[in-house]
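*Asks:* Dumping what Swiss-Prot says about this protein:
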| type | residues | note |
| --- | --- | --- |
| BINDING | 13-19, 41-43, ARG306, 332-334, 414-416 | GTP binding site |
| ACT_SITE | ASP14 | active site, proton acceptor |
| BINDING | ASP14, GLY41 | Mg(2+) binding site |
| BINDING | ASP14, GLU15, GLY16, LYS17, ASN39, ALA40, GLY41, HIS42, THR130, ARG144, GLN225, THR240, ARG304 | IMP binding site |
| ACT_SITE | HIS42 | active site, proton donor |
| BINDING | ALA300, SER301, THR302, GLY303, ARG304, PRO305, ARG306 | substrate binding site |
Amino acid sequence: MGQSVVVLGAQWGDEGKGKIVDLLTEEIGAVVRFQGGHNAGHTLVINGKKTVLHLIPSGILRDDALCLIGNGVVISPAALIKEIGELESAGVEVRSRLKISPAAPLIMPYHIALDQAREKAAGGKAIGTTGRGIGPAYEDKVARRGIRIADLHYPAQLEELLRTALDYHNFVLTKYLGVEAVDFQKTFDEALAFGEYVQPMKSDVAGILHDLRKQGKRVLFEGAQGALLDIDHGTYPYVTSSNTTVGGALAGTGVGADAIDYVLGIAKAYATRVGGGPFPTELDDEVGQGIRDRGAEYGASTGRPRRCGWMDIVALKRAVAINGISGLCITKLDVLDGMEKLKVCIAYEYRGKRTEYAPLDAQGWEECTPVYLEFPGWTENTHGITEWDKLPVAARAYLRALEELAGCPISIVSTGPDRDHTMVLQDPFA
């Protein structure tokens with residue numbers, strides 16, 4: 001049987017998953033996206049060339065890797081066409097290697113209109129979504145009024161589904177949110193055209209994955225966002241609309257629990273968050289700005305500045321437990337170069353008591369004050385180092401402390417954005 005590895009974020013997203021997925025896709029059978037949409041922004045740097053992927057799995061830059069989009073992903077037709085076009089214009093063969101589940105829901109124009117109108121109406125209480133229709137598309141999926149890839153090939157059924165959806169959503173858009181209605185004919189024509197475009201890529205993703213496992217091929221499941229943004233286990237309501245944790249890899253592709261052999265959790269050597277929501281270790285000072293500048297902490301999808309803070313072990317341990325993480329990958333170690341001292345949150349002060357467990361609600365998180373452990377920094381340059389023994393003593397001590405505090409071994413350390421700026425201490429596929 002083949003080996004399957006799930007790669008997922010162990011913080012609030014933007015941990016560097018795309019680079020690690022690309023690194024691990026050498027000699028791979030397939031890479032599969034299992035949740036989220038084009039709100040994800042996976043940045044790859046290979047030989048100094050930067051590529052940002054939003055929907056297509058990060059294995060697309062490997063010539064022999066099959067790339068799959070599972071039923072758990074919500075697909076924007078316009079975003080997918082644009083991304084395929086950009087890659088193919090750069091000489092990357094996409095359509096012959098990309099397979100998409102017919103059960104994947106579509107992000108329709110009314111989902112985008114709803115998302116943006118709601119955020120505007122919420123004002124200061126906005127969640128901080130990307131405004132790309134992800135949440136409303138998942139809402140329709142659960143409400144059983146979603147339009148899926150499979151529906152595009154039955155025009156009469158598609159027309160009925162679309163009219164029903166627009167009757168509902170246009171009422172909300174015009175009567176409640178006070179914005180313009182979405183036009184039926186334009187939306188219908190665009191959907192039919194996309195159906196023709198995507199037809200050659202439509203495939204039974206679950207069946208492909210089962211066959212690959214029987215053939216002994218390696219499969220990598222690529223998560224988007226991070227565990228602490230999970231719709232069920234994150235800082236609700238400041239979360240994304242899908243299951244970003246390991247359970248999402250199963251439900252979002254159609255494989256069983258026995259198909260997962262290793263879970264790799266990606267975490268930065270510090271912490272970041274985009275948008276609203278609790279962030280106990282956030283640094284609203286020159287230290288936080290320094291990390292933001294050195295780490296280029298601006299969203300790949302939105303360009304928004306990310307909130308920056310110290311490593312939060314309480315939150316990381318929660319991600320390790322929820323996902324059954326087998327090993328950690330610590331990224332952006334080099335961003336901490338030159339800092340005199342580092343802090344790691346090892347517990348919270350919560351309502352007068354010390355706790356090593358995170359509250360289960362956003363309000364509780366907001367009331368938490370971090371308890372820090374200090375570590376000496378290092379002045380040496382770690383950028384691009386690929387051997388453990390060549391890291392500064394203080395950097396090695398910091399990593400070993402993270403490993404011990406999180407109760408999980410570190411498998412990979414990243415010291416720069418390029419694929420080659422990486423040291424693999426334990427191969428997840430070994």
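A Cβ is built for glycine as well, from the same backbone N, Cα and C atoms used for every other residue.
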*Asks:* Tell me, if you would, which residue among ASN39, THR130, GLN225, THR302, THR415 (binding-site residues) has the fewest other CB atoms within 10 Å in the structure shown?
*Replies:* THR302
*Asks:* A 10 Å Cβ contact count, applied to the binding-site residues GLY13, GLY16, GLY41, GLY303, PRO305: which residue has the minimum?
*Replies:* GLY303
*Asks:* When a 10 Å sphere is centred on the Cβ of LYS19 (GTP binding site), how many other Cβ atoms does it contain?
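*Replies:* Result for LYS19 (GTP binding site): 25 neighbouring Cβ atoms inside 10 Å.
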*Asks:* Tally every other Cβ atom lying within 10 Å of the Cβ atom of the residue listed as 'active site, proton acceptor'.
*Replies:* 28
*Asks:* Out of these binding-site residues, ARG304, ARG306, which one has the fewest other C-beta atoms within 10 Å of its own C-beta?
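*Replies:* Counting other Cβ atoms within 10 Å of each of the binding-site residues ARG304, ARG306 gives the minimum at ARG304.
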*Asks:* Looking at the binding-site residues listed here (THR130, GLN225, GLY303, ARG304), whose Cα lies nearest to that of GLY16 (GTP binding site)?
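*Replies:* So, of the listed binding-site residues, the one sitting closest to GLY16 (GTP binding site) is GLN225.
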*Asks:* Just checking, which of THR43, LEU333 (binding-site residues) has the fewest C-beta atoms within 10 Å of its C-beta?
*Replies:* THR43
*Asks:* In angstrom units, rounded to an integer, how far apart are the Cα atoms of ASN39 (IMP binding site) and THR302 (substrate binding site)?
*Replies:* 8
*Asks:* Fill in the CA-CA distance, LEU333 (GTP binding site) to ASP14 (active site, proton acceptor), as an integer in Å.
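*Replies:* With the alpha carbons as reference points, the distance is 14 Å.
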*Asks:* Checking the contact step here: among the recorded positions ASP14, LYS19, GLY41, which have a Cα within 10 Å of the Cα of ARG306 (substrate binding site)?
*Replies:* ASP14
